[in-house]
Amino acid sequence: MVLTNIIERLQKIEQQNIEKVSIGYILVAYFFHSLQFTTYKYAHFTILTQALYFRSLFTLIILFFGQYKYDFYPKDKVKLMFYSQFFVALGASLLFYGIYFITTSEAAVINSTNAIWSQIISLIVNKEPITKSRMINTFICIIGIVLIMNPKLSQKNDMQRIIACLSVLLCSVLQAYGFIKLKQIGKEIRPTIITSYFHLAVILVMGVQHQYVTTFEYFDNYFLYILAYALFSLSGHLLQFRAQALVSFDKICNYPFSLMIYQIFFDYFLFGKILPIQGFLGGGLVVFGIFKQLQDDKKIR
């Protein structure tokens, strides 16, 4: 009841200034995502599939109380919703695998490149040519990612680090594709429904993966961490999916950088970690490449 009233009030505000509201949604959403990444890292979960499975299970239970009165199967939208959220869920599993081996701020920098990949995927889907400028900007981002990886291969865990960075990179590509499909759903679909489909997809993906792990993890306050993890995840996804349904991706693709800022802050004050010189240089190149591409896109329009 409370959740329903909040959503109805927000919908009235949306009608007044849809673009500014969407930007506000995405900024707050990334703050909650930052909190869920930090909770995941702080809790030291060692079995990713189990943690994500329980997070989604808890989230679906919470969502049920705000969603059960509404149509869970919108006409002609079910297949598209599950299809889009399957790619987002698959990307999420790769993202959290990467976070296990690298800092959350490094993962946030790499994951912000979904602004580049979404544009490239859109061009490929629409059978439009990829410009020379776009290729150069993408190459700049890739150089930045390589600097963040810092592949010296001189230490024992270097290969794990490289695989983790590549996992986060693949996550950004998969989720960019999922977000493009999400836009086709339309803004009339409630964010609680889209979020429910996301977590159903996560449960499916994690359930399949966990049968190969066959190990159960438990420690003190395990389910308390899972509950916090679920609440932060739920808040972030409700706002993020709503923002992406309201406006085109180019209107809000600048703002994943807020997640990077949040994560650098949390990494420093909670874990005492800061990006190394290579990380700052790589992050700078990634930011430069993405903003340069956004400026080029504005000139074309």
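Going from the start of the chain as shown, residues are counted 1 onward.
Each residue, glycine too, has its Cβ placed from N, Cα and C.
A TrEMBL annotation is a machine prediction, not a hand-curated record.
These features come from TrEMBL:
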- 21-40: transmembrane segment (TRANSMEM)
- 23-149: domain 'EamA' (DOMAIN)
- 52-68: transmembrane segment (TRANSMEM)
- 80-102: transmembrane segment (TRANSMEM)
- 135-153: transmembrane segment (TRANSMEM)
- 159-180: transmembrane segment (TRANSMEM)
- 192-210: transmembrane segment (TRANSMEM)
- 222-240: transmembrane segment (TRANSMEM)
- 277-294: transmembrane segment (TRANSMEM)
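With a cut-off of 8 Å on Cβ pairs spaced 6 or more residues apart, the transmembrane segment (21-40) and the transmembrane segment (277-294) reach fewer than 3 such pairs and are scored as not touching. Within the chain carrying the transmembrane segment (80-102), a Cβ under 8 angstroms from the stretch's Cβ atoms is held by residues 37, 40-41, 48-49, 51-52, 74, 110-111, 157, 160-161, 163-165, 167-168, 170-175, 177-179, 181-182, 184-185, 189, 193-194, 197-202, 204-206, 209, all 6 or more beyond its ends.
Each residue in the domain 'EamA' (23-149) has a pLDDT score, and their mean in this model is 83.
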